[in-house]
C-alpha cells in the first residue's frame, strides 16, 4: 500500500489530502501537524476550516484511509510520498524584510524529514514557495541523507477558497515539476499516477522544477493584476459618471480577455495574492530586474489605494468625521463562502475607521469574534505564522463589537459598509435596516451587491464602488 503523509493541516493540506484519500481508496493518507488543537478539530465534528463540501469528504474517509495525527515523525518515516504544506510567511526583519518569503518552517520540515527517514522518499512542495526553494531543500536533504535517495517535486496548489473541493475534484490543471533525470522522471510519474485516479492525464502538466515554482507565482500575480486593473478603472468611472459594471461587462465580452476576475471591489485579499507578488518582486530585484519589480509593485499599490479610497469616501461623506459614530461592517472574510480572513481588505478598512475613532459593529456569518479581534490587533504579516507562534491573544479593541445578526449590527448605525459579498447581504430587508438607523443613513457597498436605485428610493445615501455617484457624494473628495 502506498503511504502519503502531508506535513501541515491547514487550508491546503487538509482539503487536498482528504480528496486524495477519497479518490484513491488503496492509498493511506496521513495529515500531520504539531498543533494539537488543529488536529483535534480535524478529528471532531467541527473542522478547523470552513469549505463547502469538505465535511462530507472527510467523514467518508476519516478512520479508513485518512488519518489526522500529531505524531509527525512516525508518519513521515513510514511514508513513500511526503507533501510539505507549511507556512511560508513574508519576512518581517533581516534580508528581504517585507518582500522575501521566510522559509524557516520549510527548512525545519526538511531537516526533520532527513532525520527520521529510513527509506527513499519523494518530497513534494505544496506550499507556495519562492523559485529555487526546491534546490535549497534538495541540498539540505542530500547533505543529511545517510544513503537515502530523496526526489524533490514541486506541485503547487491552484485552489480558490470557497470552491476548493470543487477545484480539487475538477482542476483546470495539475502541475508537477521535477528534475529532468531518470530518477526525477520516475518521481514525477509516481505523483502523476496518484492524480490520474480522477484527473484526465491531459490536464496533468509536467515541467522542470523552476517552471512549476514560477507558474504558481505568475498565476496569482496575473489574477491580482486583473483585480487591480478593474479597480483602477472603478476610480475613473466614479470621476466620469461611467458604471464599472457596464464597462467590465463590455470588456469581458472580448473572448481574448474573458469575464472572470473583473468585478470591482474594495480590494483583493487572501493568503496568496499579496504574498506571492511581494515574493515575485523580491526575486526580480535579486535577479537585477528592477523595471519588472516596479511593474508588479504597482498591482499592490493600486490595491492599497483602493482600500484607502474607500475609507476616505466613508469619512468625507459623513461630514468629515466618524468619531464616536456607530459604523456597521457586514462581512469580514476576504470573500464569500470561506471563514478565511488572511489579508482581507476588511482589516485595513476597519483600522482606517478606528483611527478616526469610529465604533464598529461587525457581522460575518463565518468569522469568530476572537479572529476579528486578533486580526485588528496583529502587526502586518504576523497572521502567516502558526497560531502558537503568533503574539498572545491581544486585549480586545474596545470600539469593536461583534454580533451574530445583520439587523442587530445595523441598529442605530450611522453607516453600513459591505466588505464581503455574502449572498445573504443581497436579500436583507433594507427597509427594516433603514428604519432602525440614524439619519441620514449611509450604505457603502464595497462589493457591488446591493440594488443601488432601490436603496436610494428607501432613503439611503449609497456609495457603490465604480458606480455613478450619489448627488450627496459628488462634491466630496475621492482621496483626502
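Glycine too: its Cβ is placed from the backbone N, Cα and C atoms.
Just so you know, TrEMBL annotations never went through curation; they're auto-generated.
What TrEMBL lists as active site, nucleophile is 272. For residue 272 (active site, nucleophile), the Cβ neighbour count at a 10 Å cut-off comes to 27, with all displayed protein chains included.
Feature annotation from TrEMBL assigns NAD(+) binding site to 8-13, 33, 38, 86-90, 127-128, 161, 272-275, 342. The Cβ of residue 8 (NAD(+) binding site) lies under 8 Å from the Cβ of 31, 33, 83, 84, 85, 86, 87, 126, 127, each on the same chain and at least six residues away in sequence.
Looking only at the domain 'UDP-glucose/GDP-mannose dehydrogenase C-terminal' (328-452), the predicted model's pLDDT averages out at 90. Look at TrEMBL and you will find 328-452 tagged as domain 'UDP-glucose/GDP-mannose dehydrogenase C-terminal'.
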Practice problem: In whole Å, note down how far the CA of residue 272 (active site, nucleophile) lies from the CA of residue 90 (NAD(+) binding site). | Solution: 11
Self-check item: Between residue 11 (NAD(+) binding site) and residue 272 (active site, nucleophile): CA-CA distance (Å)
Solution: 12
Practice problem: Count the Cβ atoms, other than its own, that fall within 10 Å of the Cβ of residue 90 (NAD(+) binding site), considering every protein chain shown. | Solution: 20
Quiz item: Given the binding-site residues 11, 33, 87, which one has the fewest other C-beta atoms within 10 angstroms of its C-beta?
Solution: 87
